[in-house]
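Participant: These came from Swiss-Prot, pasted as-is:
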| type | residues | note |
| --- | --- | --- |
| BINDING | His96, Asp98, His159 | Fe cation binding site |
| BINDING | Arg169 | 2-oxoglutarate binding site |
| DOMAIN | 78-178 | domain 'Fe2OG dioxygenase' |
Amino acid sequence: MMLEIPDVLTSAQLRQCREALEKAAWQDGRQTAGHMAAQAKNNQQLAQDDPLSVELGEFLLDRLGKTDRFIAAALPLKVLPPRFNRYSGGGNYGNHVDAAIFSVPGTPHRIRSDISATLFFSEPDEYEGGELIVEDTYGSHAIKLPAGHMVLYPGTSLHRVAPVTKGVRLASFFWVQSLVREDSQRAMLWELDGAIQRVTLDTPESPALPQLMALYHNLLRRWSNT
């Protein structure tokens, strides 16, 4: 399931993040990639232990916890601290699949990358190219969202970032281990949750509502791992 999450950040929050990122100490992104991925990667990235990366990452985690659409779609169990990248001057990232398991910095813990996420800090008209291109069974999807918007897509997806031929593309990216590992099951729960919300608004006294809610929670109980 691929899903856009609009307005994760307010205009004021977005402006503060951008001002900080524009002054950041960017490093060669290949330093954080594995051997194979490094051959396809041509961008800049904040070091994970950079104080700004830590500060902004904690801020974004707080925002995600208050974003209902993200919670309902991702059903997050663990979220890897967000990372930050910068593309300019032809920077790109060739086709790759993200690692299945990531270590949580500064801890002995690891997470499984069920869901990949990208949050855009740059407006689409501020740079040329730079589309996030995700491939699935239905073809290729080019994603270039307004600043403050985020996209979620399965961690199993082959994807790439097209060359940024003009301007600068700033973004955050991270991974989620979901309560529900299987993407198709998460998609069904998302659709069912949406149906419950519509029935709640349209006919709150409907006798079908408690049945739908029971079905949702029983499926979540069956499919989830905690």
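Cβ from N, Cα, C; glycine included.
Walk me through the surroundings of each of these features.
Facilitator: Sequence-distant contacts of Asp98 (Fe cation binding site), defined as residues of its own chain at least six apart whose C-beta falls under 8 angstroms from its C-beta, comprise Ser113, Ser116, Gly155, Trp175.
Secondary structure at Arg169 (2-oxoglutarate binding site), taken from DSSP and collapsed to helix, strand or coil, is strand.
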Participant: Starting from each candidate's C-beta and looking 10 angstroms out, tell me which of the binding-site residues His96, Arg169 has the most other C-beta atoms.
Facilitator: Arg169
Participant: Report, as a single number, how many Cβ atoms besides its own are within 10 Å of the Cβ of His159 (Fe cation binding site).
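Facilitator: His159 (Fe cation binding site): 23 neighbouring Cβ atoms within 10 Å.
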Participant: In the three-state scheme derived from DSSP, which category covers His96 (Fe cation binding site)?
Facilitator: strand
Participant: Could you pull the average pLDDT for the domain 'Fe2OG dioxygenase' (78-178)?
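Facilitator: Over the domain 'Fe2OG dioxygenase' (78-178), the predicted model scores a mean pLDDT of 97.
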